[in-house]
Structures are given as C-alpha cells and as structure tokens.
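Per TrEMBL, the features are:
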{"type": "TRANSMEM", "residues": "A:6-29", "note": "transmembrane segment"}
{"type": "TRANSMEM", "residues": "A:67-85", "note": "transmembrane segment"}
{"type": "TRANSMEM", "residues": "A:91-110", "note": "transmembrane segment"}
{"type": "TRANSMEM", "residues": "A:131-149", "note": "transmembrane segment"}
{"type": "TRANSMEM", "residues": "A:161-178", "note": "transmembrane segment"}
{"type": "TRANSMEM", "residues": "A:206-229", "note": "transmembrane segment"}
{"type": "TRANSMEM", "residues": "A:235-260", "note": "transmembrane segment"}
{"type": "TRANSMEM", "residues": "A:272-293", "note": "transmembrane segment"}
Amino acid sequence: MADNILITYGVPLLLLILSPIIGGLLIGIDRKVTARIQNRSGPPIVQPFYDTFKLFGKEDKIVNKTYLVFGAAYLLTVILSLALLLFQYDLLITTFIFGLSFIFLVLAGYSTRSQFGNVGATRELMQMLTYEPILLFAVFLIRLVTGSFEIESIYSAAQPLLYTLPLALLAIFIILPIKARKSPFDIAEAHQEIAQGPETEYSGKYLGLLLTAHFFEMFFILWFVSLFFVKDVALGGLVIPGVIMQVLMMLVAYVFLIVVDNATARLRVDQMLKQVFIVGMVLLIINLIYIIVTGRWIA
Amino acid sequence: MSLTEISRKKSPWVIHVGTGGCNGCDLEILACLTPRYDVSRFGVMSTGNPKHADVMLVVGPVTIKYKEIIKNLYDQMPDPKVVISVGTCASTGGIYQGCYGHCGGVDKVVPVDVYVPGCNVRPEAVIDGLVLALDILNEKERKILEEKKAKAKGAA
C-alpha cells in the first residue's frame with residue numbers, strides 16, 4: 001500500500017518539481033539545435049537558466065500594479081494546470097485552466113496601455129480563438145472513447161488513444177506550435193514586429209516569472225501529447241512499458257516542434273485562423289465519424 | 001561570484017540603436033549575428049525592447065533630433081546597464097564633427113562605458129567591446145548596491 005501511494009503521489013510530485021528544469025533544458029536544447037541547423041555554434045543548453053537568474057538580479061521598472069498581478073496569475077495557473085495534469089485530475093478542467101492562463105496573459109497585455117502590449121494581446125486572443133475549440137473538441141473525443149473525463153480512464157482504457165484517435169492527435173500536433181509560441185504561429189510575440197507582445201512591459205524579476213511559466217508550459221504541452229500513448233505495447237515478444245512509450249511520444253512532439261519551427265515562416269493572424277481552424281476541424285470530424293461508425297464510443 | 005553575477009555575465013541582451021549615419025557599422029553589427037562570428041554563443045540575444053535589454057549598442061553620429069530618443073531609451077533600460085558606442089561617429093563625432101545638426105559623440109547625451117572605434121568597425125572589435133562590457137555590468141551592480149547601503153546607513 002505504501003508503495004502504491006509513493007507511485008500515485010510521489011512520482012507526479014517529483015515531476016512537478018523537476019518540470020521547470022526539464023522544460024528549461026528542452027528550450028535550451030531547442031536553441032542549440034536551431035543554431036546548429038543555421039550553422040552557428042549557439043548558446044549553451046543551460047542558457048534559459050542564465051537568462052532567468054540574470055532577470056531576477058535586475059532592477060524592476062514597474063508601469064502599474066495590475067499587470068504584475070496578471071503576470072503572477074499566469075504563472076500560478078500554468079503551474080496549477082500542470083499539477084492537475086500530473087496528478088490525473090479531470091482532463092476538461094485541466095484544459096480550461098490552461099486556457100485561463102492564456103487569458104491572464106491577454107489581460108496583462110491589455111492592462112499596460114502600451115500599443116505593443118495591446119496588439120500582442122489581441123493577437124494572443126485570436127490564437128486562443130483558433131486553438132481552444134480544437135483542443136476542447138479533442139478532449140471531447142477522448143471522453144467519447146474512454147467513457148470519462150478523468151485522466152485515469154485513459155490509463156485504464158482497452159487501447160491507447162493513438163489507435164482510436166489518430167486524426168485528433170494530428171489536429172493537436174497542428175495547434176502545438178501555437179501553444180509553444182513557435183514559428184509559424186509565434187504571431188503574438190513576434191520579436192521583429194511588436195517588440196515582445198504582451199510581455200513588452202515586463203522587466204526584471206517579473207519577466208523572469210514569465211520565463212519560468214514558459215518552462216512549465218513546455219512540459220505541460222509535451223505531457224499532454226504523451227497521454228495519447230500510455231499503454232504497454234507488445235512488439236513481437238518484447239513488451240515495451242507505457243512509460244517509455246510516453247517518453248517516445250514526448251520526443252516525437254518535441255522534434256516535430258523544432259523541425260516545424262525552423263522550416264516555416266510566420267503566418268498572418270487571418271491565415272492562421274483559416275488554415276488551422278479548417279484543417280483541424282475537418283480532421284476531428286472525420287475522426288468522430290470513424291469512432292461512431294466503428295462503434296468504439298462509450299456513452 | 002554569486003549565481004546572479006555569473007548568469008549576468010553569460011546572458012547580455014542587446015538593444016541596437018542606429019542614430020542615422022552611413023549604416024556601415026550597422027552592417028558590421030549584423031555580421032556579428034551571422035555564423036562566422038555568432039555572438040549568440042556568449043548568450044547575446046538581440047531584443048528590440050529597451051525594458052529587456054542590458055547592453056545598448058549606439059551606432060552613428062547623434063543628431064539633435066535623435067538626442068531625446070536616445071535619452072528616453074537609456075532611461076527605460078533597467079539597471080545594471082551598459083552603453084557601447086560603436087564606430088568613430090558614435091565615439092567622437094567623426095567625419096560629422098562640427099556639422100550644424102549634430103551634437104558630438106554619444107557621451108554628450110548618455111554616459112558611455114565602452115568605446116569601440118573604427119570606420120567602420122570590424123565585427124571582432126564589436127565582440128571585443130561586448131566582452132569588455134560584461135565585466136562592467138557586474139561592477140556597476142556592485143556600485144549600485146553599495147550606494148544603496150550607504151543611503152540606508154545615512155537614513156538610519
């Protein structure tokens with residue numbers, strides 16, 4: 001019994017504590033790989049941590065108090081959503097709270113009264129408009145297949161989600177760069193056009209908090225994708241445990257992010273809205289029809 | 001050295017201010033970002049936002065119209081901050097010295113910490129100046145802290 005408690009609560013707790021370190025390292029490796037692809041030598045892989053520690057030692061230039069509150073709320077909701085995901089709570093609530101974190105960032109952008117912040121917040125809102133329906137539709141499909149919104153039911157389902165919801169996974173892959181703020185959907189914080197989007201007015205340790213939130217976010221989205229393959233799989237005589245399949249899924253999503261980031265240029269907001277929404281919805285609807293026709297759904 | 005001071009040396013974020021010269025030095029600074037010179041191995045990130053920046057690279061002669069803008073940008077940068085004047089024009093006024101719409105080097109407007117002369121500067125010189133500036137960052141922060149302490153003592 002003690003062993004059981006250790007696994008159900010100890011492992012998620014450990015992951016939650018380690019997640020900023022893992023997320024930061026992943027972002028650092030991403031920067032290094034991007035530099036190598038462009039034939040540069042690039043920063044060391046611990047560069048995101050250097051940036052964060054430096055920001056914590058800098059002076060704060062504060063515009064008003066409201067946006068500091070929203071920045072802190074953004075960090076806290078990201079951590080909360082990651083905790084809910086790791087401790088296997090309700091998937092729907094987890095998704096909503098993750099969406100809430102984006103809303104706090106949008107409010108932070110609107111509350112600064114700088115034009116860069118305002119334009120960035122508007123674009124962030126358009127991005128939310130694009131990915132949120134697709135994400136919720138995908139969660140709804142997961143509910144249809146597993147019979148419950150609880151994440152536990154994904155673990156106890158007869159088949160891994162990848163076999164029943166391959167197209168939903170594809171739709172999630174399409175919206176993945178939006179959530180990771182990467183090209184082609186880094187519209188909200190386009191460095192070259194609108195200084196830094198909603199984060200323009202942040203400086204010093206408050207910007208450091210936002211960077212930390214990005215570390216958590218990175219781990220969240222990869223873990224979310226990895227839920228699509230959590231079951232053990234028998235390959236010939238070899239049984240590969242679910243944990244390794246999960247890590248593999250995370251790796252696939254991560255490599256996909258880097259490749260797409262380097263291979264594409266930034267889209268306009270309206271292009272993103274049209275393309276992502278149409279392609280994502282069509283994929284999800286085909287998947288829904290497939291589930292209903294083959295009778296894999298549970299009421 | 002504390003963790004913050006180490007990381008401060010490893011991650012200078014740079015804002016690049018062109019005041020309107022011949023753009024020769026601007027091109028050399030851009031060359032620093034290319035694979036041949038690659039300043040990103042020192043953790044340099046080019047931001048367009050003074051609120052995120054540690055280092056300001058000023059290029060070109062300071063015209064009277066641009067004086068206010070440089071001052072404004074400098075004031076928006078959070079401490080500790082360093083100003084590098086890149087090129088002869090920014091350092092002394094260069095060929096534009098004595099011109100009617102011109103107010104001398106950058107040091108007439110904001111305090112300059114590192115001068116990188118040359119017309120135009122070579123990318124190696126810019127990188128050299130940047131590395132020099134990184135040591136100054138930590139010294140400046142120590143000075144600010146000491147001043148704060150002295151002030152607190154004086155108040156008490």
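Just so you know, glycine gets a Cβ as well, placed from its N, Cα and C.
Because TrEMBL annotations are produced automatically, they should be read as predictions rather than curated entries.
A:206-229 is the stretch from A:161-178, A:206-229, A:235-260 with the greatest number of Cβ pairs below 8 Å to the transmembrane segment (A:6-29).
Highest Cβ contact count with the transmembrane segment (A:206-229) among the listed stretches A:67-85, A:91-110, A:131-149, A:161-178, A:272-293 falls to A:67-85 (criterion: pairs under 8 Å).
Put simply, of A:67-85, A:91-110, A:272-293, the stretch with the most CB pairs closer than 8 A to the transmembrane segment (A:161-178) is A:272-293. With a threshold of 8 Å between CB atoms, the same-chain residues lying at least 6 positions outside the transmembrane segment (A:131-149) that come near it are 90-93, 95, 99, 157, 161, 164-165, 168, 171-172, 174-175, 178-179, 276-277, 280-281, 284, 287-288, 291, 296-299.
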